[in-house]
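Undergrad: I have a structure here, written as structure tokens, and I will follow up with some questions on it.
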């Protein structure tokens, strides 16, 4: 018999993990295979079939621009969206995702123009619809490329039927939305200062602006007081001025009001000087001067008192304060333009107007007001316009700068009449022109320059060309923000109410967009470009829009069949006007702001597609979209439907490098998602996304990626071990009440985690989920439960209830963890699921497991918190003993545990603590703890001394490697314990030995 025993390979009698699921992931090779599998089976269609009849959940995709390969920001955005749609699908919803693309606009025009220049072609000589056709083909190419890149990230959506803003149906619906604004009277042609890109020759919306450091010329200029207001105006009627006020103002008649500006080129557009009733002003006399130009001794100047000293220093003069000048006196002054008489112009009076935007923080306390070159200037001018007109002052705002940045004839002395030609503000390359210097030279010539300097400050630039923009008065098409819409509301009030009714994640987004809506001007819709949806209206010479529903329908029908190219085709005007007199109506050839395009996507997707619904449950984009897509969608929908097109808005931050710097090619610190995918796999990138506080700016680089790779390996190895263990799963179940406490504790933890997972997905708090699951898998499973149960799982008999219960729990653990993680790591979880269920279609067609209510057991959990406290002291002592080489494996130890805490002792009374500590035996002692015993400060009343099992006469079992007192009791298997001998007999009876 002994000979027989010696021939047994005990390792073959163990239920060791068996799996082909590799430790090395090989994601770059495996993921494309799974992408193709999902595409071949049309997984998205199967998801829709499986969810038929469920409540719809719609995340509406904010359209990326169809230009170039995706970058890391795209990857972050699409992964977050995919996690949301997948998680809601697996939580029992019909969670749809239709990807979309923004196709119109300047960047694509630029690309085509670059191609033209390379071929020696002139865009202006190309028929507009031929140019538009090339733009369309360019966008279509990049939609295909980006669609493939998004799917390689693991994104599941209806990529066979995406939406695009250049689809004929979309162009028809966008035009239809514009026509709704026109019919309701919200659309108007106006003249306002807009941000204008000279380089791009178009007006820009706030969303198309970024701020960069810029060095500007600064000047202090003198405006001479010409006279006093002859008559005041009260309720539109002339009224006598206070004689005393006039008398007190007489000594101001030979004074100058000094202004300060960072845009000298706007002086020809000056029409007023603004002051503040809240600022203290004084009349000052120059007593000494050092400059070759500027004020001379004896001159009288008016400043804000708080800024007189600073102004004095700038001009290198000495000032003496004569007396206070009241706001009432300032309002009584009429100034002359410093360029009066130049080129026969500037003969108009320059009034003083009160303005809320005036402060004494910088400058002189007076603001040079050029209503054609600034929003605040425009507002101050328009507020004062009724009073000014009653005084006989012309309030028409001139067009002093043209679309190329040149001065016009409305700027005498600087326009085409100037020797050498019109001065220019900015050239075609975005560089400063000669306008500032021309203005400064003329001020010096007229002794109107007080001082000059330079200032580095934040200045608006086009986000596309990266070149500075100017504020320029132009005729444009606008949507009113504050016009009564017939029900007592305005577009602004509707939008503000909609913001209050919307859930924002994070909550700070609500205040951010609210502040923008509260302060924003009317919405400028027009762009002077070719590639886009036209402002498809007809207007008379006064700017009145033709309101004819039959005409509008013809336009929309044509766009539906032919696209918006129909507007630019020969004969379009007569075709659409029908019986209207074409000579009375002008066809508007401007195109729409692309933000109106994307702001209308909810119309031709959510409303028009039967697989979607309006409003969307959620919009998710970067935080810059508070002034972009969230903003334009809100305004468009509130203007036509009275509410927002979304219920929830989720925002994410931007991706920085590991040092918190903005990524840029010039710094060489960019992370290219395609490179990460090729080297490590998309699931690594996805793991990074879901473990970040994504609503803030995130950091990414080599070290961050390596941290995620390490975490992924731990997670993967835990899944691999479960798969190996489940190779021995025969599907048997053990009733909950018959399970050991440790198994019931694990089921309780699954019940707790189920709440964390569901609440986390509902709140879009993915980091909360991943932290909980990874900690659970690494700390509670690998280092606790699995470690403890390896003996029972590997060594116990097939009939062992403990082993059966443990296999059953591992089965539940696998099902829950794989499904919970599937939305975040779809490739790895699909691989794991198909390894366990080779005949399955996809884990993504399943739902999260329903956790039985009786798995929750708080009393048991509380007891085991105490058990684990004791265990922690024991394992701490074992680590010390192992480090001191007293023992090798913990199975060589017999800890002697002295307990002087009644609650802890009661908790472990019926627990096999040797099994919990993975030792061969464990002795509970009472009384005084031995000197030198191991303790932990945070676990009072527990002390441990580690003894060796061999010293207690225990013998090592050749099968389980545990040290016991009953090794050799069974003569059939003399080198194993009684437990292991009984198992071997059972295996032999089953024919497995």
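Backbone N, Cα and C atoms are what each Cβ position is placed from, and that goes for glycine too.
Swiss-Prot lists 64-74 with the feature motif ''HIGH' region'. Residues or ranges marked as L-isoleucyl-5'-AMP binding site by Swiss-Prot: 621. According to Swiss-Prot, the motif ''KMSKS' region' annotation covers 662-666. What Swiss-Prot records for 665 is ATP binding site, and it gives sequence analysis as the kind of evidence.
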Undergrad: Rounded to a whole angstrom, what is the C-alpha distance between residue 621 (L-isoleucyl-5'-AMP binding site) and the residue listed as 'ATP binding site'?
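TA: About 23 Å separates the two Cα atoms.
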Undergrad: Using DSSP, how many residues of the motif ''HIGH' region' (64-74) fall into helix, strand and coil, respectively?
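TA: Split by secondary structure, the motif ''HIGH' region' (64-74) comes out as 3 helix, 1 strand, 7 coil.
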Undergrad: Which of 621, 665 has the fewest nearby Cβ atoms, counting only those within 10 Å, among these binding-site residues?
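TA: Comparing Cβ neighbours within 10 Å for the binding-site residues 621, 665, 665 has the fewest.
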Undergrad: By DSSP, what is the split of the motif ''KMSKS' region' (662-666) into helix, strand and coil residues?
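TA: When I sort the residues of the motif ''KMSKS' region' (662-666) into the three classes, I find 0 helix, 1 strand, 4 coil.
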